[in-house]
Structure formats: C-alpha cells, structure tokens
Amino acid sequence: ATDPCCQWYFISEELTEAFTETDGQCNDMARAAIRLGFHDAGTWSQSLAAAGHDFGGADGSLALFFEEERPENGGLFEITELARDIYYRYDVNMADVIQYMSIHATVSCPLGPRLRAYIGRIDAIQPASDGLLPDVHAPADDLIALFEDKTITPHMLAALVGAHSTSKQFGVEHSRKGAPQDSTPGVWDVDFYNQTLEEADSECYFKFESDVKLSTHPRVKDEWVAFIDDQDHWNEDYAAAYLRLSLLGVNNINNLKECSKTLPPKKNRTP
C-alpha cells in the first residue's frame with residue numbers, strides 16, 4: 001500500500017520555502033498560517049454539538065466556503081489562497097491542509113515545537129457558525145467560557161495565546177498596522193509572556209487587550225507566569241493544547257494517520 005504521508009513530503013518542502021526568511025526566522029506567511037489553523041478549528045462548540053449542530057471545527061470550511069471574507073478573518077486572504085492552491089494541486093483534504101500548514105509554520109519559527117500532524121479529516125459541507133471565535137476586546141471570563149465550550153481549559157488557553165509570540169496585528173489598531181505582539185515576532189519564544197505583563201506600553205510591540213486581561217486572570221495567571229523564562233514548559237503545553245484544538249469537530253479520529261515525520265526539524269537556535 002502507498003504511504004498516505006508521501007505527498008506531504010512535497011507539500012512540506014513547498015511550505016518551508018514559503019514560511020522562512022533568508023535569515024531563518026519565520027515570516028508573515030507563517031504567521032498567517034498559524035492564525036488560519038486557529039480560525040478554522042476554533043469554530044466548534046460543545047454546546048452547539050450537543051444541540052445537534054455538530055459541524056465546524058477543523059474541517060476546512062474557512063477556505064472551502066470563503067470565510068476569509070468574514071471580519072474576524074481579516075488578513076487571511078493570501079494564506080487561504082495558498083491553502084486552496086495546495087488543495088487543488090495535491091488533491092488532499094482542505095481540513096488537513098489548513099492544520100498541516102499551521103503546524104508546519106510553528107516549527108518553521110526558531111524555537112518552535114514540532115507538533116504532531118494527523119491526516120484524514122473529513123472536509124466541511126457547510127460554512128462554520130458565526131460568533132465562535134474570540135474577540136480581542138472581550139473580558140477574560142467570556143474568553144475562558146468560550147474556550148471551555150471548545151473543551152480547552154484555562155491552562156491550555158494560557159499556552160495557546162502564546163502563539164502571539166510570532167504574530168503581528170493589522171486590523172485592531174489601524175495607526176499601528178504591522179505591529180508585532182512581542183519584540184521578536186520571527187522567533188517562537190516566551191518574550192510575549194513577560195512583555196504582556198509589563199505595565200508600560202511599548203513602541204516595539206502592541207499588546208492585545210484580551211491578552212492583557214487573560215494574563216492577570218486568577219484562572220490563568222499562575223500558568224502565564226510559569227511560562228516566563230521556561231521555553232520547554234511552554235512548548236510542551238502548547239503542543240498538547242494545539243493537538244486538541246486541531247482535532248475539534250473531527251469525529252473520525254481513529255481513522256487518522258500520523259504524518260509528523262514529513263515536518264522539518266526543530267530549529268533549536270535563534271538566528
């Protein structure tokens with residue numbers, strides 16, 4: 001039998017080129033890919049599923065149903081086009097393409113963990129429900145409740161928002177378009193956790209209101225502080241939490257195949 005991972009080696013090579021700067025840091029396409037993975041998978045709700053609306057989640061609907069046109073998905077046009085290009089050329093499932101891109105982009109960033117990549121999700125046959133993605137201005141309690149309804153605990157949420165270590169903002173504060181969320185957006189490091197807690201605002205980076213609120217919330221703050229200066233702790237927690245996120249709404253988990261071997265090696269040094 002042919003190895004289902006075969007074509008992912010070729011996809012992986014293409015993504016390495018697309019996601020990496022000449023100096024080895026990860027670039028804007030990698031940042032967008034990480035966000036795309038979150039925004040496709042995040043549209044699943046346990047309470048909606050229990051009420052008979054068990055769709056959304058990591059099903060590829062964002063690219064299949066042009067959800068990049070929704071306001072909360074602003075800035076994802078270019079990366080969604082790349083996802084569609086790979087989907088058509090390699091004849092693979094869109095749900096897998098989006099999660100694989102997000103996982104690949106994470107390890108394309110120096111210090112980023114090598115996450116587990118599973119293949120075989122079932123693609124969406126309808127668009128995702130509205131209103132299931134986090135709002136950058138929402139109170140911390142609302143964000144925690146939103147993620148708990150996705151089976152993501154506050155502990156996991158503390159790790160997942162660390163992906164902002166490599167993000168830049170374009171749609172929140174228009175006067176500071178392109179401002180990163182920590183001082184080293186090309187590196188997957190824990191500077192974000194420390195810098196979010198600093199009282200003063202910085203010209204070097206832009207703090208999201210939601211991150212600031214979460215960082216001091218009683219159910220999040222201990223874990224948040226524990227990640228400061230502990231890269232391995234964060235990477236391990238992020239890997240576990242993102243695996244869970246990447247399988248939200250995936251009801252055929254026993255049929256998935258692991259293709260983590262196709263990912264590039266971890267970059268243990270910063271450029």
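Glycine too: its Cβ is placed from the backbone N, Cα and C atoms.
Among the candidates Ser165, Ser210, Ser215, the residue that TrEMBL names alongside Asp182, Thr184, Asp189 for the Ca(2+) 2 site is Ser165. Disulfide annotation in TrEMBL: Cys109 is bonded to Cys26, selected among Cys26, Cys204. The record in TrEMBL pairs Cys5 in a disulfide bond with Cys259, which is drawn from Cys204, Cys259. In this structure, the C-alpha atom of Cys259 (disulfide bond) lies 22 angstrom from that of Cys26 (disulfide bond). The average pLDDT for the domain 'Plant heme peroxidase family profile' (92-165) in the predicted structure is 97. Here the candidates are the recorded positions Cys5, Arg35, His39. The one whose C-alpha lies nearest to that of Cys26 (disulfide bond) is Arg35.
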